[in-house]
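K.L.:
The domain 'TFIID subunit TAF5 NTD2' feature in TrEMBL is assigned to 2-125. Sequence annotations record features per position, and here TrEMBL assigns compositional bias 'Acidic residues' to 172-183. Summarising the annotation, TrEMBL assigns region 'Disordered' to 172-224. Among the features that TrEMBL reports, compositional bias 'Basic and acidic residues' is placed at 195-206. Per TrEMBL, the feature repeat 'WD' maps to 254-295, 327-362, 369-400, 411-452, 453-486, 495-527.
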Amino acid sequence: MYEEYYSGLKHFIECSLDCHRAELSQLFYPLFVHMYLELVYNQHENEAKSFFEKFHGDQECYYQDDLRVLSSLTKKEHMKGNETMLDFRTSKFVLRISRDSYQLLKRHLQEKQNNQIWNIVQEHLYIDIFDGMPRSKQQIDAMVGSLAGEAKREANKSKVFFGLLKEPEIEVPLDDEDEEGENEEGKPKKKKPKKDSIGSKSKKQDPNAPPQNRIPLPELKDSDKLDKIMNMKETTKRVRLGPDCLPSICFYTFLNAYQGLTAVDVTDDSSLIAGGFADSTVRVWSVTPKKLRSVKQASDLSLIDKESDDVLERIMDEKTASELKILYGHSGPVYGASFSPDRNYLLSSSEDGTVRLWSLQTFTCLVGYKGHNYPVWDTQFSPYGYYFVSGGHDRVARLWATDHYQPLRIFAGHLADVNCTRFHPNSNYVATGSADRTVRLWDVLNGNCVRIFTGHKGPIHSLTFSPNGRFLATGATDGRVLLWDIGHGLMVGELKGHTDTVCSLRFSRDGEILASGSMDNTVRLWDAIKAFEDLETDDFTTATGHINLPENSQELLLGTYMTKSTPVVHLHFTRRNLVLAAGAYSPQ
């Protein structure tokens, strides 16, 4: 039965005009899967087998992995346990087709009285019809490939406040050396030309920024202010990067990491590095000459004069000073690690289903957050501290606050594992990348999904926002890095070059360069300014999603740096724009 219907449709589509053929070919995959699942569900095992063998060769190469899973489902019982397939049956597969192509299809199916196919189309597919030219094969290929088809255009219409929040005003005290060197006119240093100073950038409110109090953010402590001042001083010494001035890369290789390195994070000031390992430990190293020390015991603390100037020095116990601290507590590999912006805490997420918060004053575990019952693949602190996000095998991401033991928000909607989670620089949004091959952007305020980006052909393993908050870069197992304009909800670029999973992405501090690190043992540097400069975001493109991606990966690639045999797990730009990369050496 189904074989006839399918081959009838196939014949019709292959004989249709070129301009419609590309669009209508999108039907092959969802119809194929639904028909196959119907056959299996109604226990026609042999028919299902022959249907699969006959037509699986027609499907696009990027559905290979799905077809492999599909071919192993041959009995009704197999389907019960497979959540992905159950989701596929219950959620609608989204296709975008121009009105002309849609009319053609509808007429064909109604003439032929192919009610079976029409029923599947009605029941399981969501056809997003747009007016205008049909899309070309290459435009479609750029956008499809996720488990649930493309995103409905409606999904990317809502307003996103992608601007940055205003920085608090902090006066930078002048050091003697600064006064001599850089300030001949005797003005405070913040009045330097606009482009260099971080302080001046945020004085006027960004029109795209969310209201300052849209979500409650923690107050700045004195130590945070000192840190910001340090940051501003470092910023004045920052190297301006560009195609002619590439950053140096300093690689931290974990040697003899026989316990399997599974996560890395570096503090914003690049003073500490943390590694999560497959043996359930988290290890924290000091990268500067300053050793790691714990606070003294309570009995000793009571003897200290609290009024003395160096009280913060005195409470530290010199006897505990060492370059490395090991944190024990998880009972499974540690897949995510994240330092708090003030460097007082470290988060780790593990296969054991928990996220733990560690104190970097005492090097002990303060809280275990339970909520994911399955492995937690990633966790990250908000850029303002206090909030953090985690994502896991249970297909949801959760937003937490350090002082609540239950999540504040649950972001549900992905059809497969949430592999990576990232906060937007203004902390009002969270991006999640999933094994269903989509990236979603969630609003922290109300938990709504405000963007769905499709186009990757494999599970997504890395995300990063540009420093100005306007763009998002994503990397996946397909080795491609895709660039997205958050405001318009559009894909604006594709960087090809990596030959294996892209596991880490990071923009330089002023957003001139994008660094990507991969399992193919390379770090690649891309020209971000050029990638984003000539975007045509006219209304037509935004309305129909007819994106024309320039094939300019080669022009944008500024450099490729090989390691001997070390996959690049993490990348970080220091405040002066030196790249730090990390990974574990894996002898061949």
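Glycine is treated like the rest: Cβ placed from N, Cα and C.
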K.L.:
Using a Cβ cut-off of under 8 Å, list the residues of the same chain at least 6 residues beyond the repeat 'WD' (369-400) that approach it.
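P.N.:
Tertiary neighbours of the repeat 'WD' (369-400) are 83, 217-218, 332, 335-342, 345, 347-357, 406-412, 414-423, 425-427, 430, 432, 434, 442, 444, 447.
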K.L.:
Mind checking which residues of the chain, 6+ beyond the ends of the repeat 'WD' (495-527), have their Cβ under 8 Å from one of its Cβ atoms?
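P.N.:
Contacts of the repeat 'WD' (495-527) (Cβ under 8 Å, skipping residues fewer than 6 from its ends): 235, 238, 240-243, 246-247, 249, 458, 461-468, 473-477, 479-483, 553, 555-573, 575, 577, 579, 581, 583.
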K.L.:
Please average pLDDT over the repeat 'WD' (327-362) for the predicted structure.
P.N.:
92
K.L.:
DSSP-wise, what's the residue breakdown of the repeat 'WD' (254-295) into helix, strand and coil?
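P.N.:
Counts, helix then strand then coil: 0 helix, 20 strand, 22 coil.
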